[in-house]
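Okay, structure first, notes after.
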């Protein structure tokens with residue numbers, strides 16, 4: 001049974017409206033944000049998460065950060081734009097879309113510095129809305145390309161949430177699932193719960209179920225068994241950054257899934273909007289990996305699952321080497337090895 005689609009991000013009444021994803025699946029709460037500081041906090045505590053929608057949120061955050069700025073000089077306004085962008089960039093270090101969106105907003109301000117301060121503010125809001133619109137179209141295009149690799153009746157495994165909740169619509173890794181549903185195909189989706197924050201079970205399973213898509217939740221350590229039983233024909237994941245050589249940073253646990261897929265000879269696809277591709281970063285070794293609080297691992301639901309004094313290592317992401325990647329699916333087409341050469345081509 002299909003239910004109303006959850007909308008992760010909206011611009012409404014001169015405010016950024018976000019679906020608080022920390023409360024899902026038990027509560028559906030939308031919250032308004034009217035300052036750059038509140039947007040920073042929403043990104044950092046993961047009320048909003050997923051590289052594409054983080055980028056869109058940050059773009060709106062730039063506008064909110066300068067909206068009330070009273071300085072009348074061009075230099076003063078540009079200094080404030082840079083200050084807000086630098087501040088928002090500290091919210092989460094791994095998602096390259098965040099930095100891409102902030103750089104784009106800063107460039108727009110610099111390119112239009114001849115306008116009045118009021119006009120500049122309007123121009124920044126227009127650009128944030130354009131980034132928002134572009135993401136919707138990018139997601140659909142990724143889905144259309146990915147669908148050429150799928151067929152009716154396939155079993156597909158995904159990890160974490162690269163769905164409509166991580167973007168503005170359709171998602172990246174889930175886009176072909178939504179489009180397959182529109183075509184009347186019956187894909188059987190398996191969603192890793194994705195420890196420690198459980199985005200696969202709380203988010204991916206929630207949104208696919210609401211869309212009427214066949215989805216089964218499994219724990220992360222069940223993936224090997226499900227693959228060995230022949231239930232998985234393809235794996236598709238999103239990513240937070242693609243290095244120039246095709247290494248990908250994605251939610252912790254993705255590396256293990258890629259190793260299993262390679263062992264069982266299952267195609268491993270990565271859905272990646274071009275803003276996620278970072279040609280300035282040579283390999284995955286140079287991608288900064290965010291480490292998060294120990295409580296996410298040992299006190300996830302307000303009750304300790306390990307001794308309170310336990311040492312905890314909690315990286316939010318891992319890096320999958322390009323050798324494990326069958327193809328990277330972008331809005332411009334499907335990229336296969338050699339990635340160093342072919343990733344450059346899509347920007348030409």
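From the backbone N, Cα and C atoms, a Cβ is placed for every residue, glycine too.
The active site, proton donor feature in Swiss-Prot is assigned to 240; the stated evidence is sequence analysis. Within 10 Å of the C-beta atom of residue 240 (active site, proton donor) sit 32 other C-beta atoms, taking all shown protein chains into account.
The annotation substrate binding site is assigned in Swiss-Prot to 49, 50, 51, 92, 199, 250, 251 on the grounds of sequence analysis. According to DSSP, residue 250 (substrate binding site) is assigned to a strand segment.
When secondary structure is read from DSSP and collapsed to three states, residue 160 (site 'Transition state stabilizer') falls in the coil class. Per Swiss-Prot, site 'Transition state stabilizer' is recorded for 160, and the stated evidence type is sequence analysis.
Only 199, 250, 251, of the binding-site residues 51, 92, 199, 250, 251, have a C-alpha within 10 angstroms of the C-alpha of residue 160 (site 'Transition state stabilizer'). In sequence order, 54, 95, 160, 161, 162, 166, 238, 240, 316, 317 are the same-chain residues whose CB sits within 8 A of the CB centroid of 49, 50, 51, 92, 199, 250, 251, the residues recorded for substrate being left out. Residue 240 (active site, proton donor) sits 5 Å from residue 51 (substrate binding site), taking the CA atoms of both as reference points. Within the same chain, residues at least six positions away from residue 51 (substrate binding site) with a Cβ under 8 Å of its Cβ are 95, 96, 97, 98, 166, 238, 239, 240, 241, 276. A simple way to gauge crowding: the CB of residue 251 (substrate binding site) has 27 other CB atoms within 10 angstroms, across all the protein chains here. A C-beta separation below 8 Å, combined with a sequence spacing of at least six in one chain, links residue 250 (substrate binding site) to 159, 160, 237, 238, 239, 240, 270, 317, 318, 320.
Ranked by Cβ neighbours within 10 A across all protein chains shown, the binding-site residues 49, 92 are led by 49.
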